[in-house]
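Enquirer: For 23-52, the entry in Swiss-Prot reads repeat 'ANK 1'. Per Swiss-Prot, the feature repeat 'ANK 3' maps to 90-119. The repeat 'ANK 5' feature in Swiss-Prot is assigned to 210-239. Per Swiss-Prot, the feature (3S)-3-hydroxyhistidine maps to His238, His553; the stated evidence is similarity to another entry. Residues or ranges marked as repeat 'ANK 6' in Swiss-Prot: 243-272. Per Swiss-Prot, the feature repeat 'ANK 7' maps to 276-305. Residues or ranges marked as repeat 'ANK 9' in Swiss-Prot: 399-428. Taken from Swiss-Prot, the feature repeat 'ANK 11' covers 463-489. Annotation source Swiss-Prot lists region 'HIF1AN-binding' at 545-553, citing similarity to another entry. Annotated repeat 'ANK 14' per Swiss-Prot: 591-620, in sequence order. What Swiss-Prot records for 624-652 is repeat 'ANK 15'. Taken from Swiss-Prot, the feature repeat 'ANK 16' applies to 678-707. Here Swiss-Prot flags 711-740 as repeat 'ANK 17'. According to Swiss-Prot, the feature repeat 'ANK 18' maps to 744-773. What Swiss-Prot records for 873-936 is domain 'SAM'. The feature domain 'PARP catalytic' is assigned by Swiss-Prot to 959-1164.
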Amino acid sequence: MSGRRCAGGGAACASAGAEAVEPSARELFEACRNGDVERVKRLVTPEKVNSRDTAGRKSTPLHFAAGFGRKDVVEYLLQNGANVQARDDGGLIPLHNACSFGHAEVVNLLLQHGADPNARDNWNYTPLHEAAIKGKIDVCIVLLQHGAEPTIRNTDGRTALDLADPSAKAVLTGDYKKDELLESARSGNEEKMMALLTPLNVNCHASDGRKSTPLHLAAGYNRVKIVQLLLHHGADVHAKDKGDLVPLHNACSYGHYEVTELLVKHGACVNAMDLWQFTPLHEAASKNRIEVCSLLLSYGADPTLLNCHNKSAIDLAPTAQLKERLSYEFKGHSLLQAAREADVTRIKKHLSLEMVNFKHPQTHETALHCAAASPYPKRKQICELLLRKGANTNEKTKEFLTPLHVASENAHNDVVEVVVKHEAKVNALDSLGQTSLHRAAHCGHLQTCRLLLSYGCDPNIISLQGFTALQMGNENVQQLLQEGASLGHSEADRQLLEAAKAGDVETVKKLCTVQSVNCRDIEGRQSTPLHFAAGYNRVSVVEYLLQHGADVHAKDKGGLVPLHNACSYGHYEVAELLVKHGAVVNVADLWKFTPLHEAAAKGKYEICKLLLQHGADPTKKNRDGNTPLDLVKDGDTDIQDLLRGDAALLDAAKKGCLARVKKLSSPDNVNCRDTQGRHSTPLHLAAGYNNLEVAEYLLQHGADVNAQDKGGLIPLHNAASYGHVDVAALLIKYNACVNATDKWAFTPLHEAAQKGRTQLCALLLAHGADPTLKNQEGQTPLDLVSADDVSALLTAAMPPSALPTCYKPQVLSGVRGPGATADALSSGPSSPSSLSAASSLDNLSGSFSELSAVVSSSAAEGATGLQRKEDSGIDFSITQFIRNLGLEHLMDIFEREQITLDVLVEMGHKELKEIGINAYGHRHKLIKGVERLISGQQGLNPYLTLNNSGSGTILIDLSPDDKEFQSVEEEMQSTVREHRDGGHAGGVFNRYNILKIQKVCNKKLWERYTHRRKEVSEENHNHANERMLFHGSPFVNAIIHKGFDERHAYIGGMFGAGIYFAENSSKSNQYVYGIGGGTGCPIHKDRSCYICHRQLLFCRVTLGKSFLQFSAMKMAHSPPGHHSVTGRPSVNGLALAEYVIYRGEQAYPEYLITYQIVRPEGMVDG
């Protein structure tokens, strides 16, 4: 082996005895070894390019260049005739040398120029042996990729793997970078995969997981290109993973149609079963992969096979439609297969009226096509049986082949006779523009040609390639067809053509026969009578010719059909007739002009419209690459819009061009999509670009107000994002979902809040938008706010937090008189006589300072919900206060002296000592506890005490026995009315269940209200015109904290951007969840919910001088000289009065009423 090892490095050993070589040859060898391309170019001649180193190993220049890795020199030598298979003394070819020294690029170059990857030297060493021995991993991979055989043994019986360096063994076992290979197949990294792929690892299995092969992963992840490459390089379509799944299972489970098709075309078994006996069809059907199911069935998948649970694919189909489709297509494919095999028994088993015209989903073949092509003797019987059952004689495949085409091509003359007798069109054209005669002539079927000619097949029809049947046949066929052609053109034919051109119906009727109806103008353009009649607008002639067998698909020598002629000259009636008789609207002439190209170029608007209505494709290009739109003249804007179709409507909606929208829109396209962009509808664009009139027109004509684009946005999202208040209001009017979410769970309120759209936020909230909804990031609209006013608005709309509450103070007998509370709540001089509530409500405007003092003495008690001890003789709150300080032993002193909490607030060390509290520590504890109680903190414990500073809101619970409670309840119940909307907004009810009535105490709001009341009174002759009115709003929580805020009012209200009140509680009840009832209660989304609690405000409202109004009028402020607007009932106007103020401080929320509406007796659900 020592001699052979020297041979392996032949290039290195070649210098020995070089002096014996002629100088020019020696110089060439040296230049090749050193990589001196310029010298090589000077020295190489055709005679010297394969010269030998006679003093050494008989190496050629290519041996030297390859061994030393001189790629440029190798490339030049190969281009100039170097022999890639030349052997030196040891039998080595240049490839051996390049592989031995690891020159991968040179190896690749030599292999591309035909070097044998399995060439053997004198010791049977291959290039792979050389690379493996030296551990040249890259070279091993290149050799294996080019067909190197790893099992070849040298003269010692050793393979490349036996001799391989440890670093190269993994390549030869298929384990080299296996994980990277599998990952590249999964991720679709072609370059990475091809750098690692060899025949030894193409079917490697993952070491963990499901033991998948690269093909399993590529199929499951829909890597179409990777699948193609793997299959090309020998991937096993039958390879199974740990669960016995084949790659086809993966592709079908995920619905990857192209991958499935590739696998079945490469022999994948469509009925392969995994360990649980699931077939690929089980996988596809259970996941509702409809198209994949159809594909599998067309390749023989059986939907009746049962898995281990005794379930078939049909059983696993999730929808009735898919179950039905699986059964139907299985029967259909069974019928097609029986027809191919001409099996009468099976045909009868599967044949029915429903199945007789079943089409193969991919090829569009019918059973009649299959029978016509069948080589079996009973095909004629099968065809007759199918035709008796109603098979369509002229049905076409995907390539436009009729059964007559198929039978003619196969010389099945018996079938030709049968289908012609059943009215087969003998001149029907396939996708190449060929008749049955073309196909028979091309195949040299002389008898078939003769038979077709006898049935009137036209030998002069020119195919799309410009050939007649005569030109496609052999000598015998040509002779036969020449005779038929000369017989076919007579004087009568010429007269018929002239009559059709002139519109002479009588002459046409006289001359027209079955043989002559499709005669040709031989001397001219090969036109038929129908071509002439269509081009010259001879409507009656066209009608007659079509009724008597004229071929609507006949082409002249330019490839024009009659429809081209009619469209080019704008003959609408003729074009309509031709289309009704089956003319193909997308047929193309030799220059690939369709009828639509003709009509568009000539400015024929109505013709274009007709063609488009019947499926003409406006994207088809002629030979110059022009679509019909490209050929329209600049002035024909109507045709341009027509051809642009949906794109034109979308553009018009975007630009706000109402006239164009009206012209272009129809029920079919009003919800069309921007397929090149975000899949927006016209309404999305109109809403986003603030085109109010366009939006309104689209909504009136069927636009889907809640249509989602690609990102899940509805038009309201767009309007909200860009702050288009009027458009948003219009969308809401047409029932846009105010809480609709996009793919990232953003609502319109998120959009408006993020962009600082205050008015839009107010509008959305007023119509039931939920401010608590979170997007995928967990953010509410409030979290996205940047503007302070929007932040305030959203904060106000958030669900009510726990407010401090207390029961209305009630002093026990012997402490205060029974009228103490009423006195504290009564007004100074007198109550306004205009208040509409019961008389006890007329005394509610008393001194707020007195009220606060009373509240402070009972707040802590009310906050805990504990009941007062009726027999204690003292306010329970002082008892709780003393107990929390740990001074219970002092209770006797407080009871004896009748010290209540409000009295204690005024006492100091001196007063406490006088009543008998002598210990300084006790007095200090009491005084500090009181200080904390009034310092603004909240809680039972004096060290975390109730806010009584006057800056916040306190709710006083009224007892049901209290006259105040009863008066408010009476006002609520007595003002319920039946509304025109039948309860749509506020629910169906006739009374309430009053759960709670709370008095709202807020010193700041009260002072603001009284100040404004005084101003109004002074401006209105000392008459404030104060009323007690109801107000419904989703902002109740904000109102009782901050008062009414006119900044958030919506201008779209009946009387503009004001704050609305009603004297009827049922009227205000319509607004508790938003305008028009919003979206109903938060939990059930029901406007007539009888379970959820509602809240209504009974407010003190200063109307001052009110402006009477009977019809809608948009106002941002009250009319000059007035303080409010009163909407009076009128015919076709309001049914119940409404009161509107335009300044928030003109109303004070006096009572918060919590209630339920009650279902009327006898009312049935739904």
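Positions of Cβ are set from backbone N, Cα and C atoms, glycine also.
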Enquirer: Tally of helix, strand and coil residues over the repeat 'ANK 15' (624-652) according to DSSP?
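Expert: Across the repeat 'ANK 15' (624-652), the residues distribute as 19 helix, 0 strand, 10 coil.
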Enquirer: Identify, among the modified residues His238, His553, the residue whose Cβ has the fewest other Cβ atoms within 10 Å in this structure.
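Expert: It is His238 that, of the modified residues His238, His553, has the fewest other Cβ atoms within 10 Å.
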Enquirer: Run through the repeat 'ANK 5' (210-239) and tell me, per DSSP, how many residues are helix, strand and coil.
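Expert: Computed counts for the repeat 'ANK 5' (210-239) are 16 helix, 0 strand, 14 coil.
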Enquirer: So which residues does the repeat 'ANK 16' (678-707) touch in its own chain, when a touch means Cβ under 8 Å and the partner is 6 or more beyond its ends?
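Expert: Cβ under 8 Å, 6 or more out: 649-650, 652-658, 661-662, 665, 667, 670-672, 713-716, 718-719, 721-722, 724, 726-728, 730-731, 734-737, 740.
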Enquirer: Of the residues in the domain 'SAM' (873-936), how many are helix, strand and coil by DSSP?
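Expert: Once the DSSP states are binned, the domain 'SAM' (873-936) shows 44 helix, 0 strand, 20 coil.
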Enquirer: Apart from its near flanks, which chain residues at least 6 from the ends of the repeat 'ANK 9' (399-428) lie with a Cβ under 8 angstroms of it?
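Expert: Sequence-remote neighbours of the repeat 'ANK 9' (399-428) are 366, 368-369, 371-373, 375, 379-380, 383-384, 387, 393, 434-437, 439-440, 443, 445, 447-448, 451-452, 455-458, 461, 518, 551, 553-554.
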Enquirer: Do me a favour and check the Cα-Cα span between His553 ((3S)-3-hydroxyhistidine) and His238 ((3S)-3-hydroxyhistidine); whole Å is fine.
Expert: 47
Enquirer: How does the model score the domain 'SAM' (873-936) in terms of mean pLDDT?
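Expert: It averages 78.
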